Amino acid sequence: MEIKRFIILILLSHLVLFYSIFDVYFTSPINHGMPLHTSTRTPRAKRLVLFVADGLRSDKFFEHLNNTPYLNSIIEKRASLSGISHTRVPTESRPGHVAIISGFYEDVSAVSRGWKENPVEFDSVFNRSTYTFGFGSPDIVPMFKRGQSYEHFYVECYHSNDEEFGNDRAHELDLWVERQFRKFLLNNTLENELHKDKIIFFFHLLGIDTNGHSHKPWSDVYMKNIHIVDGIVQRLETLIENYYKNDQKTTYVFTSDHGMTDWGSHGAGDDTETLTPLLVWGSGIRTSHHKNVHIEQADLCPLMSYFLGLDYSINSVGRLPIDYLLPVDEEILQAYLQNARQLLEQVHKQFDILKNRLLYFKSYNLNEDKFFDRMQKSESYRNLYEVKDDIKDFMHHVALASHYYHTYRRFLLSILIIAGFLTTLSTILYQLNSINIPLFSPIGLLCKILSILIFILLLIEQSPWTYLLYPGLVCVHTWISADFIIEWIQQKGFNQMKSFSFWLNIFMIGIFLQTYILPFFHRWTISIGIFLLFIEAVRRWQGSIIHDRRRLAYGILLLIILIFPFLPTLGTIKITLAWCTVLSGILILIFHYLYFKSESQTSIIYYIQRICLLLAIIDNYLVHHLLIRSSWIHIVSWIILLISCFLPFFSSSKYRLKRLIIIFTSILTIYILLSTQYEALFVLCLCSLMLAWVLTSEQQHQENIWLFTFQSLLFILLAFFGTGNFASVNSFDPSNVYCFLTVFNPFLMSAVIIFKIILPILIVNCATAYVIKNPDIIRYFRLYTLIICDLLALELFFVIKTEGSWLQIGESISRYVILMAMIVILTAFHFLASLLLNKELNFINKKTKL
């Protein structure tokens, strides 16, 4: 196959396989058109006040109750429910608020809009209210003002530029909410609306989250903000009670959307992120006080609906926490039964959609008729608690049925994705080998026909268009390489399968591949592979004294860098190690000066690079050590970033080693601006190791391209896991971008953080591109890299969890997603590295005669 067509085909194939995880595990649970079910005819309250303290950890709330005297007094002295609300990954603001207010756990498609906009319309408790009045962040409050809620949802938000991460005044955002609501009550023209029944006040308090990111949850600033929120809640409650003349018809709910790790990030599934405080008091709480409450975050939606007597939100999967609404009576049981009916309507909708679409469909046996017959016969139960338990058990089976229908096509899609991997590997092997393919192969024809039939089946069933990509992918690769792979197996596989050495080699390759899989589960295991490289380097020790010195440096650097995976994960250290970044920058400056000082004609490029490096060190020190935040620092940082990105293109490509050092220095300069702890030292060691590696490997890659490929991939994994693991990759920590911006901007912040993560990978790719120059060797290297990565991705696909804790499920999916993203990135970086090493712009060189 022509090389350009092959590259395009392989890149598109991996993009499809990368996207497949979203179709299999992240499809939207939302349907429309289900009937409504009213929670109760006898509401417990006329109005409800929802406080969401963004980023508040449960332990910081309950273990320091003296810091929140008012809320503590409610827990101890008033009728209340207090305990834990359990969130799910991703522990971000939008999914958390959607779970609280809409009662379902949002799919990952929302990330494409920065967790702000609604990718799909959904119902919420705000929709069902008579009026909702929301105050707070422009990123959260307006996102529920959609569809049915548009006309009766009053919103007031501060400007997004006020969400400043770089100071200790984030509590002003919470005080703004209090002031604005006070003005709203005093000056409003909505007197009639405010005195309606079934209204909701929503207060989003962002200060705790912002200060947690900036100063960490163990800081005095974070704890002070919690104390300020305690006062705000007290004053707002007093204001509301006075406005309604203490009619005792208001229910108050205080909770958080997610927690936060000790290092000021969230997004993953650590207990510090998933356990959030819950406190409910006011009208409708009949017990004196109920502590140690544990409910799912989505259960808050039906709970709020019940207090106000609203229709249950049609998309909610939450269950009324009846065990904490004691004593049990017929009225609460009726509300519980209505909750079960509302959940059942979603199952009916899923059933109807699948039955009308699929050619063959097997339904889930719920025995709902028998259940409702029992509900009609009171003599079937000895007491009301048995009724409650029967409804709870039925709800559990409804949830199982919903999961069954929601994942009905998961098995078929998984088979197609596995077939996609195998046929893609077949095409890669076809590109590597030259075997005379027979004109006709019965087995190959059968594979082609089968893939076409599955494509037609999904087309007839009116499946989403993305589903058609998977049999289409299999069909294309089968058409290209099915005959070849069958002939290749017959010629080579069957003859060798009889020998013991064949199975021994397969076993050893499998064991060797686990060296690359283990770091995805245990970060420190990457050091095992690095130590094996050290042993291999010692074994190959030979040659002249110069050659020995290079190998000595290579061996020492291997021993130094294998220490980093044993260090605490980046961000888990409770202090900012600004001195590490400054030390790294100084060492880079010294090395850069010593290497280029012997130049007979010093290029202006060297001076520009040193100035940029010096400014980057100063910027980082000002931002992370002196805690200075300034727009001038941001401007300088962006200028340094742009200059460093383009500066290598103005150096001569004739002197490849000098060009490589200039590239590494540019990357290190950018990385210093993004460093907060020891990562700059790691990247400096990685650059030094790559320089030693390229100087000792220029002949090795011609001797054994497979070994060179394995080494390169091991260094890529080292670049990725050297300072972090999945918790740090999945979590959101804005301190990394303080040199560039401090105003909340999820897309730009995420882009900069991803840029930081992939920069060390680019270092390894540049070193690889420096060593391999022969076009045939480059071709073999890229194909071998794809084969190994596809085998790793296929193994990770098999170990994806669909049961267990949400942390385990989320991490298993993240491993696959990150590896597939790395395959796409590596494919692009192979070309980018060649461009950086070989592309030359002569604007400066003509003047300086480099």
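Any Cβ shown, glycine's included, is placed from N, Cα and C.
Those TrEMBL annotations? Automatic predictions, nothing curated.
In TrEMBL this protein carries:
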DOMAIN    403-805  domain 'GPI ethanolamine phosphate transferase 1 C-terminal'
TRANSMEM  411-432  transmembrane segment
TRANSMEM  439-460  transmembrane segment
TRANSMEM  466-488  transmembrane segment
TRANSMEM  500-518  transmembrane segment
TRANSMEM  524-541  transmembrane segment
TRANSMEM  553-570  transmembrane segment
TRANSMEM  576-595  transmembrane segment
TRANSMEM  607-626  transmembrane segment
TRANSMEM  657-674  transmembrane segment
TRANSMEM  680-696  transmembrane segment
TRANSMEM  747-771  transmembrane segment
TRANSMEM  813-837  transmembrane segment
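The stretches the transmembrane segment (553-570) and the transmembrane segment (747-771) are not in mutual contact, being linked by fewer than three Cβ pairs under 8 Å (pairs 6 or more apart in sequence). Comparing 466-488, 524-541, 607-626, 680-696, 813-837 for CB pairs under 8 angstroms to the transmembrane segment (411-432), the maximum falls on 466-488. Beyond the transmembrane segment (657-674), the same-chain residues lying 6 or more positions past its ends with a Cβ under 8 Å from any Cβ of the stretch are 581, 584-585, 588, 592, 595-596, 605, 609, 612-613, 616-617, 619-620, 637, 640-641, 644-645, 647-648, 651, 680, 683-684, 687, 690-691, 694, 736-737, 739-740, 752, 755-756, 759-760, 762-763, 766-767, 770, 836-837. Count of Cβ pairs under 8 Å against the transmembrane segment (680-696): among 466-488, 500-518, 524-541, 747-771, 813-837, the largest is for 747-771. Sequence-distant neighbours of the transmembrane segment (524-541) (same chain, 6+ residues past either end, Cβ-Cβ under 8 Å): 515-516, 518, 548, 551, 554-555, 558-559, 561-563, 565-566, 696, 700, 711, 714, 717-718, 721-722. Averaged across the domain 'GPI ethanolamine phosphate transferase 1 C-terminal' (403-805), pLDDT in this predicted model comes to 83.
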